[in-house]
Amino acid sequence: MLGSHTKTMHFFLILLFWQGANTVSINSSLTEDVHKAVISGQSEVIEKIEILEPQRKVFSCETTNVPNKPPNISGYWKKNGTAIENSQQAVNNTDGKYIFSGTFNMEDLGNYSCVFSFSENVRQATFVLNVPAIKGADKPIVSYIGDSVVLKCEIKYGPKTWEWFKVNGTEKEFINATVDTSKYKLCIETNVTKLTVMNLTKEDAGKYLCSAVYDIGPSQGHVELKVLSFTEPLKPFLAIAAEVVVLVTLILLYERQSRSRKQDSETTENGPQSEQTSKLTQDESNGTDGGSSTRHRRVEQ
């Protein structure tokens, strides 16, 4: 009899443990998957959510401060701006709050919006689903012909794989580093990828795309590469030197012209006075010669 009671007690304890364990798991799962947006007066709220793989999400929307506080208002859901069929429902007033939720299976990226409609007013909360953003290079990377350069991309969560592309106009060309080993070298460290481009030429310049591939979709970043010749850095100095030469030449020409004008001015000012002095000197000389001749004649007489 005692053994029977003991077995029953063990079975009961096992049942309680099983039920409790599953209840905790379900609650924690729901807590992690629920995303809530509160609209209090403003016309639109945007919530950004990062996902890596297809999953089930619960979106909850709440609005308050509805004029006249009607017993219920209209609510419905949209995906990527288009109303979801049969999603419209009456949202009841609960202590001045209007709350409604929706559960969705996320098979791809996109936007889900809950819309409240009342008295010709519309309020909306949008959940933006996207993969994590890639951190590339903020500024172009500069290197020189014949050198090698390392292009780097980084992301918060490690993807399934990394891919690199070279942009040519409106198209992009996949870079297969395992095939062209003399040109490219690829290094992957979970959430970081590095692409080494060797023996640079002018044709290697341009935009490179790095793509982190997740189950739900890819995340893309870009790196800009500039390839210069070794004479390129000298161009600013050569331009400055040319400007200096031109400036010095202009100064010398100006000084030469100024001197020429000054000499011409002095000649013009001294010309009449010099001519008058020369005339006076000549007259005096003639006067002296005339007096001497007169005296000679008188003596002869």
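Each residue, glycine too, has its Cβ placed from N, Cα and C.
Listed features, source TrEMBL:
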DOMAIN    59-130  domain 'Ig-like'
DOMAIN    132-229  domain 'Ig-like'
REGION    260-301  region 'Disordered'
SIGNAL    1-23  signal peptide
TRANSMEM  236-254  transmembrane segment
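In the predicted model, residues of the domain 'Ig-like' (132-229) average a pLDDT of 94. Residue counts for the domain 'Ig-like' (59-130) by DSSP state, with H, G and I taken as helix and E and B as strand, are 0 helix, 51 strand, 21 coil.
Each residue in the domain 'Ig-like' (132-229) gets a DSSP state, and the totals come to 3 helix, 54 strand, 41 coil.
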